[in-house]
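Notes to accompany the following structure.
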Amino acid sequence: MPKNKGKGGKNRKRGKNEADDDKRELVFKEDGQEYAQVTRMLGNGRCEAICVDGTKRLCHIRGKMHKKVWIAAGDIVLVGLRDYQDDKADVILKYMNDEARLLKAYGELPDTVRLNEGVDVDGPEEGEGDSDYIQFEDEDIDKI
């Protein structure tokens, strides 16, 4: 068998984990692009997202982001609209949590978009009846 003369394996090719993108410039949408919130992941590099204009689109994650940038339900993404297919789009960029908060503060995202959708931080809102907490009055306690 020939002797190994290489300079390492796949760990060398992977390189050091340098945090270059921790402070990146905020990218705003251009014409032909739209902000969207991922509703669910479909697999095979696809996801379903609801755009800011109210349209539900099937989004394709581009190859540059595939297996490098992990997208989950509830994430805010920038999608490129297709001029020949209105119900499909391509994911261009995933916004980090702080970038999404900045977009909402700048007024780019409407108030109806809920950030951190998977996490209910402040509990159920007024009017939601799916709570397990029941509050009794003093006279109700005496009857029990």
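Placement of Cβ uses the backbone N, Cα and C atoms for every residue, glycine included.
Pulled from Swiss-Prot:
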type     : residues : note
COMPBIAS : 1-15     : compositional bias 'Basic residues'
COMPBIAS : 16-25    : compositional bias 'Basic and acidic residues'
DOMAIN   : 22-96    : domain 'S1-like'
REGION   : 1-25     : region 'Disordered'
REGION   : 120-144  : region 'Disordered'
Original post:
Looking only at the domain 'S1-like' (22-96), what is the mean pLDDT?
Top reply: 92
Original post:
For the compositional bias 'Basic residues' (1-15), DSSP counts of helix, strand and coil?
Top reply: 5 helix, 0 strand, 10 coil
